[in-house]
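TrEMBL annotations:
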DOMAIN    7-281  domain 'Phosphofructokinase'
BINDING   GLY14, ARG75, SER76, GLY105, ASN106, GLY107, SER108  ATP binding site
BINDING   ARG24, ALA25, VAL26, THR27, ARG28, ARG158, GLY189, ALA190, GLU191, LYS215, LYS217, LYS218, SER219  ADP binding site
BINDING   ASN106  Mg(2+) binding site
BINDING   THR129, ILE130, ASP131, ARG166, MET173, GLY174, ARG175, GLU226, ARG249, HIS255, LEU256, GLN257, ARG258  substrate binding site
Amino acid sequence: MTRIKTIGILTSGGDAPGMNAAIRAVTRAGICNGFNIKGIYRGFDGLINDDIKSFTTENVSGIIMQGGTILKTARSNDFTTEEGRRKAYENIVKEGIDALVVIGGNGSLTGARVFAQEYDLCCIGLPGTIDNDLYGTDSTIGYDTTMNTIVDCVDRIRDTAQSHERIFFVEVMGRDAGFLAQNSAIAAGAEAAIIPEDSTDVDQLARFMERGIRKSKKSCIVIVSESPKCGALYYADRVKKEFPDYDVRVSILGHLQRGGRPTAHDRILASRTGVGAIDAILQGQRNVMIGVRNNEIVYVPLLEAVRSDKPFDKKLITVLDELSI
Ligand code: F6P
């Protein structure tokens, strides 16, 4: 029997489609199992500022299909300080919150882990990020929707690329991870992807120009993972200088990748992991992220989820190379 009575829930970091479905799942499964649920607004800042409201099932009605997060979100600088976390804990005590469910990516789950350790609190993480860079879960909430959004955009860009016989460099999000870039390149039938996981010894652009541009195709699409120095603009400039005969354009997809209605896959993942969070609390689990691996719910220690590198299947590079001839 758990002694936990009240569960607080928050979303933190970059919003991701499916976060609302996760809020709904935690709230409804929590209420079904006799817990009080409190919604914390604006991420960890809401804990620090006591921006907290009791939730009933009505608070989460009609949200499963909405992108963004009804709880709002933030990247809290204050929560990175001991003083900020102390204020947050004071409000946890004041609100009678016994366990915290944090929906977010790497930075947010790192914050949850530090907080849990400092104050001996039960924190459960749900993997909410479009980047898919959390270890221990096959997919993160939001990744599938963003992938589909990118593929839809690239299909459109291809129409104009082919009509003008141009090379397009399309920049996608992912922070330090190339899952979105590599897999959307495969799904959209792009000619190449430039990703951080493949950047060590070979110059990826040179390799692509050598292998790719001599193909019979007159237009092509290269998906580039965002990077402060070597994004799509960098590669486009290089091609313009090194191959002045090519007509080159850049499209940076930006934040449109984070919006929109979550796919069925993300809604199901959010619903399953949300219910999984409540099951974990009932079982007395602490400080784990709820993931899905090989279609099974798994509990991944928060430290492992944020510290371990999610394996990148290098075979995906061969898949793209071979299919883009
Ligand atoms: O982590 C999600 C993400 O969308 C990354 O892919 C991207 O680098 C970052 O957030 C952008 O953050 P912001 O919305 O704060 O500019």
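Quick reminder: no glycine exception, Cβ is built from N, Cα and C everywhere.
What TrEMBL annotates, mapped onto the structure for a quick look.
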{"residue": "ARG75", "record": "ATP binding site", "Cβ neighbours (10 Å)": "17"}
{"residue": "SER76", "record": "ATP binding site", "Cβ neighbours (10 Å)": "24"}
{"residue": "ASN106", "record": "ATP binding site", "Cβ neighbours (10 Å)": "22"}
{"residue": "GLY107", "record": "ATP binding site", "Cβ neighbours (10 Å)": "18"}
{"residue": "SER108", "record": "ATP binding site", "Cβ neighbours (10 Å)": "29"}
{"residue": "ASP131", "record": "substrate binding site", "Cβ neighbours (10 Å)": "24"}
{"residue": "MET173", "record": "substrate binding site", "Cβ neighbours (10 Å)": "21"}
{"residue": "LYS217", "record": "ADP binding site", "Cβ neighbours (10 Å)": "16"}
{"residue": "LEU256", "record": "substrate binding site", "Cβ neighbours (10 Å)": "11"}
{"residue": "ARG258", "record": "substrate binding site", "Cβ neighbours (10 Å)": "20"}
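Each residue contributes its Cα atom, and for MET173 (substrate binding site) and GLU191 (ADP binding site) these two points are 18 Å apart. Secondary structure from DSSP puts ARG249 (substrate binding site) in a beta strand. Under 6 Å, Cβ to nearest atom of ligand 1: this is the test, and of the binding-site residues VAL26, GLY107, ASP131, ARG175, GLU191, ARG249 it is passed by ASP131, ARG175. Around the Cβ of ARG24 (ADP binding site), 24 further Cβ atoms fall within 10 Å across all displayed protein chains. Secondary structure at ARG258 (substrate binding site), taken from DSSP and collapsed to helix, strand or coil, is helix. Taken as a whole, the domain 'Phosphofructokinase' (7-281) shows an average pLDDT of 95 in this prediction.
For ARG28 (ADP binding site), other Cβ atoms within 10 Å of its Cβ number 20.
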